[in-house]
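Here Swiss-Prot flags SER233, SER258, SER266, SER277 as phosphoserine, drawing on similarity to another entry. According to Swiss-Prot, the topological domain 'Cytoplasmic' annotation covers 1-22, 96-130, 215-283. The topological domain 'Extracellular' feature in Swiss-Prot is assigned to 46-75, 154-191. Residues or ranges marked as transmembrane segment by Swiss-Prot: 23-45, 76-95, 131-153, 192-214.
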Amino acid sequence: MNWTGLYTLLSGVNRHSTAIGRVWLSVIFIFRIMVLVVAAESVWGDEKSSFICNTLQPGCNSVCYDHFFPISHVRLWSLQLILVSTPALLVAMHVAHQQHIEKKMLRLEGHGDPIHLEEVKRHKVHISGTLWWTYVISVVFRLLFEAAFMYVFYLLYPGYAMVRLVKCDAYPCPNTVDCFVSRPTEKTVFTVFMLAASGICIILNVAEVVYLIVRACARRAQRRSNPPSRKGSGFGHRLSPEYKQNEINKLLSEQDGSLKDILRRSPGTGAGLAEKSDRCSAC
């Protein structure tokens with residue numbers, strides 16, 4: 001599995017995340033993916049071949065292994081990390097869409113040179129407006145995926161600890177046989193570590209949702225007490241209604257000025273208009 005590609009995608013989201021979101025990403029890649037790739041995969045690498053039952057009955061080992069380990073720990077954690085990391089891509093797509101709109105506005109304003117476009121790509125987008133909702137929804141989905149996988153893991157392996165010996169009487173085993181699990185202590189340590197890291201991520205997600213809501217409420221209260229001035233720059237200002245209205249007024253004034261210049265340069269047309277206005281006043 002190529003975890004480097006996933007890290008490259010999420011590192012772009014990290015630039016636009018909160019401080020808690022950056023900590024969450026560090027926990028994901030340092031304490032979970034690195035441990036999963038470096039250590040856990042080697043510990044669980046021989047789980048099927050080293051699962052031995054004291055019987056020579058063909059198929060008994062495979063049936064007992066499937067009964068006690070319906071899904072491998074490593075594969076379950078890999079699926080969990082992929083699904084938990086996917087909602088963050090919503091934020092990356094939203095930011096890319098906003099930057100695309102800003103680049104189009106710069107081109108319409110005549111600032112479409114590569115320097116300005118590269119500056120748009122580098123600057124940090126503030127979490128506000130529709131981006132705030134996208135960010136909160138992504139964090140909530142991360143939280144739900146983490147909690148769901150914790151519950152699924154509890155249903156599959158209630159004790160969390162890896163047992164050394166299991167007794168199996170499933171068909172085609174001739175009777176109740178003893179089956180031995182390889183490296184039970186190592187597997188227990190890594191299981192507890194991964195579950196603890198998942199619990200930390202759940203706490204970070206809850207803290208980030210609370211932080212985003214509190215900060216949004218504080219900003220709204222600040223706007224009510226101190227109305228924002230019309231001056232400003234940046235992406236949010238360019239998309240504000242005041243900015244759009246000012247641009248429209250500017251275009252209208254330029255068109256009005258050009259029309260007056262045309263009337264000045266055409267005396268006949270100006271005289272005709274003056275004559276029409278005199279007739280209207282006489283009427």
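Cβ atoms here come from the backbone N, Cα and C positions, even for glycine.
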Q) Looking at 76-95, 131-153, 192-214, which one has the highest count of Cβ pairs under 8 angstroms to the transmembrane segment (23-45)? A) 192-214
Q: Using DSSP, break the topological domain 'Extracellular' (154-191) down into helix, strand and coil residues and give each count.
A: 11 helix, 8 strand, 19 coil
Q) What mean pLDDT does the predicted model reach across the topological domain 'Cytoplasmic' (215-283)? A) 58
Q. Reported in the order helix, strand, coil, what are the DSSP residue counts of the topological domain 'Extracellular' (46-75)?
A. 12 helix, 2 strand, 16 coil
